[in-house]
DNA sequence: AACGCTATCAACCGCTCTCGC
DNA sequence: AGCGAGAGCGGTTGATAGCGT
């Protein structure tokens, strides 16, 4: 265990490329998850927390960087409505995106916009050019998640599958083609998508009942 | 060119959760 | 069952890049 003096000597601030390299090597040697060991053995003078954060948000393989696509934006907005500020859960539905990135994106782009109440519809053109996100979401690498999260994700997965069977061309758990999404539509906590879903099937309420205990 | 303001995002902090003993 | 340590999560901060005046 780290003593107080060691803690105060810990380096902070931005990571240098050479530190990234050392961290990468250490993760390869000691494995993802042993952050205390990695912190100690790397000689980086970075806390385990700091190492974990850097790895998770920047160095991990398959990290997608750059602008969010319209699909991703749409999915974030809808999942945020359903799940609230469960960034890790939301990020789990966006292959290659991290919870920190999703959170930052929400805080800087989306929350502001929805507060301002700017009316902007998702263009049908954009909707038509959507990538098969639903399929991709089945393939994203498994992360270390809590049992609750695993359970919540499995409920969402089965929901996606069911809705795809329902012939709705669902590309995300909560978006349907031909249903224009209003960014400033009134915030009806969580249920609006499920109510919408409920118009077609009883699944909506079932999903909500299933997922609520995990939230 | 210089200054101030705003937006962005990497990183930190503090709390909660999980797991092993 | 209770405790402690480590991991994970969400909120917040701070550095800095970009833009307007």
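Each residue, glycine too, has its Cβ placed from N, Cα and C.
Across the domain 'Myb-like' (A:7-59), DSSP classifies residues as 36 helix, 0 strand, 17 coil. If you look up TrEMBL, you'll see A:7-59 (among others) marked as domain 'Myb-like'.
The feature domain 'HTH myb-type' is assigned by TrEMBL to A:7-63 (among others).
Summarising the annotation, TrEMBL assigns domain 'Myb-like' to A:60-110 (among others).
As annotated by TrEMBL, domain 'HTH myb-type' applies to A:64-114 (among others). Across the domain 'HTH myb-type' (A:64-114), the prediction's mean pLDDT works out to 82.
Feature annotation from TrEMBL assigns region 'Disordered' to A:116-144.
Taken through DSSP, the domain 'Myb-like' (A:60-110) splits into 32 helix, 0 strand, 19 coil.
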